[in-house]
Amino acid sequence: MTRYTYLFILQIISCSFAATWVKITKPTITWEDMEVSLEGEKKFFCGEFDSSFTGRYHWRFNGSSILPERTQIHRNQFVFLAGANAIRNQLPGEYECCVRETLGNACYSRMIVVQNRTDNHNIDMTNSTLLLADEGNTYYIRMHDVKRVEGVKCTLDGVNVDNFKYPFLGRQTKKTVPYHLKIENIERGGEVNCDLRLHKKEIVQKTFDIRLLRGFISSSQLPQFVYLIVFTIIGYILRL
């Protein structure tokens, strides 16, 4: 058997196998409309026809078996874990689950779309101690009126966090930089304490608080939300 004959036979087998699977498109899901459990999770079901099916479920994301971060599979449920909203820009796409039911082999496909996508913001906090942030956004923060910074080390409520970083590469540290801290895909609020390492190992400190603006605000909630923000700001002014 020649190499080309072998490849031809494999192609026929592959096509025959693929033909036994039927793709069924389910309604699109909007991320913001999904219910959130008490544990902060969002989930959806495979949607198979046979509700008594107890076999294996094969899940794919955009055609790949590599699933997004902060997700889990519970048989016929795809679960977005608490904290997934902070990385929601990574989640839109096609989700498929394939099952071998008694009616036949089927792949149930649905799209998830995100309307309120995250964004990047540049913030000057040289004269501020409060950052009002939207969950999932990335913030570049200027903390002091200094020209050269060799690095920064920060804690959130006393704990080191991976998404608090110095936003520039080592070869750039000798240049004047406008921002000293990058908070990537911000997840939660709290008290931030930072040490900025300047030229000749001089250290300056910066302390500020992060408060998250949670979710969407309906028109009925808007007055209460405005009052909350106003009183929060007044409270911080009185503490200065």
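Just so it is clear, glycine is given a Cβ too, placed from its N, Cα and C backbone atoms.
Residues Asn116, Asn127 are shown; Swiss-Prot lists N-linked glycosylation site for one of them, Asn127.
Other C-beta atoms found within 10 angstroms of the C-beta of Asn127 (N-linked glycosylation site) number 7, with every protein chain shown included.
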